[in-house]
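Presented below is the structure to which this report refers.
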């Protein structure tokens, strides 16, 4: 989890990252890790232009000023609108207001309503555009509170692109359209930088959302603006556009926890893009076909249902954990998995075996016409046993399924976990680079701490972000590589749990106590 404090310099402010346990020393801000705070769009543009040739993600990020302090914990649930008529036509919408929900879009919104039916919301913010407003109305149902519209929640402004079919945009604008596809953060049209403007707008939205006197907030908006809301909340710059996917009616959840001393809240992305349909059904990411995919699987709960045993001990899963692993295996049945790589710990191996057995029975289960062969491997790189004992003293009975649990550990443990995840990430990329298999899906079952590290490695972040994400037992997270494993990854979802059915985690469950600061 991240929070920010400002240290002024001559030209701009540097953000010092600090956890709930205290501030990191300024020495962490090295040349390889600089988080800039820009007080104006002009400063954002100046920084972006200086790095225009940098196409890959890095942890040299720019962000806006810190988020405002809050008195009580907040959970913000972001939902993208259902499929629109222009989505179906392949037409560039931007912030135009001519498209409406299709029948499929209405059905998606209804599915989201049912998914959120038992969840308590205090307020709903919506984009004023018809496709988003209608989605919000369906999800909000017969609640008495009025839906609040905010014009800055509208979709990205794409100016002359708006209304064009995608092939028309390519034909009419040529190089500009190509830049929109491959380097969106630096894309310029009609003397505007749409993605940079969007990031500034999203940051402004957070001021109003967090200032509202509410504990549980529903926000219904659009693909690009929801990406920007997620990214600006956790401190990622505009170069992360199209990296954190937002599908039609996909749900993303952000937790904001106040700090006792005030200042910007601690922020955790509890889940990303939980969709009404299966997150593994599509073979495209952001409109691009992907042939390489890593699926991170969090094992089911262990024998005594205490997460401390999951961290330091080696216990098998209990009945609920077995059900969770079977649900994961069932979700992945329609994919042709090449390999399952797991930690050697019992709960991880049991989950890996469940996935493998269902895959190899695909012909009997009607998912394939022939039996499948799934390669199974084990590696200690997906576990925490290698962490030196003197770093484990403060772990105690830490609950690894509690949001933000990693931030309670000392810096030595965090460093060891991060380094271990880095080694695991290198091994996985090498596995994915096998040219003999042009299409490859790898399922990875490991310790939750290592899996969280792998999410950060995929985003090319530093160890200071590892507590900004969360995983529940039995969850899956999907990492796609539309340009191959040597290029940047795209996060299709994080902490997806809808497949668990009655055992799934409610979207708006309380995550912290009610103490005010």
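In case you wondered, yes, glycine gets a Cβ from its N, Cα and C as well.
The active site, tele-phosphohistidine intermediate annotation in TrEMBL covers 81. Residues or ranges marked as active site, proton donor/acceptor by TrEMBL: 155. According to TrEMBL, the feature substrate binding site maps to 80, 81, 82, 83, 84, 85, 86, 87, 131, 166.
Taking only the Cα positions, the spacing between residue 131 (substrate binding site) and residue 155 (active site, proton donor/acceptor) is 11 angstrom. Spanning the listed substrate site, residues 80, 81, 82, 83, 84, 85, 86, 87, 131, 166 have a farthest Cα to Cα distance of 21 Å.
Taking the Cα atom of each, residue 84 (substrate binding site) and residue 155 (active site, proton donor/acceptor) are about 13 angstrom apart. Most buried of the recorded positions 81, 84, judged by other Cβ atoms within 10 Å, is 81. Annotation for residue 80 (substrate binding site): spatial neighbours 220, 221, 222, 223, 226, 246, 247, 248, 249, 250, criterion Cβ-Cβ under 8 Å with sequence separation of six or more. Of all Cβ atoms in the protein chains displayed, 20 besides its own lie within 10 Å of the Cβ of residue 86 (substrate binding site).
Separating the Cα atoms of residue 86 (substrate binding site) and residue 155 (active site, proton donor/acceptor) is a whole-number distance of 13 Å. Rounded to the nearest whole angstrom, the C-alpha distance between the residue listed as 'active site, proton donor/acceptor' and residue 82 (substrate binding site) is 14. When the recorded positions 82, 131, 155 are compared by the number of other CB atoms within 10 angstroms of each CB, 155 has the fewest.
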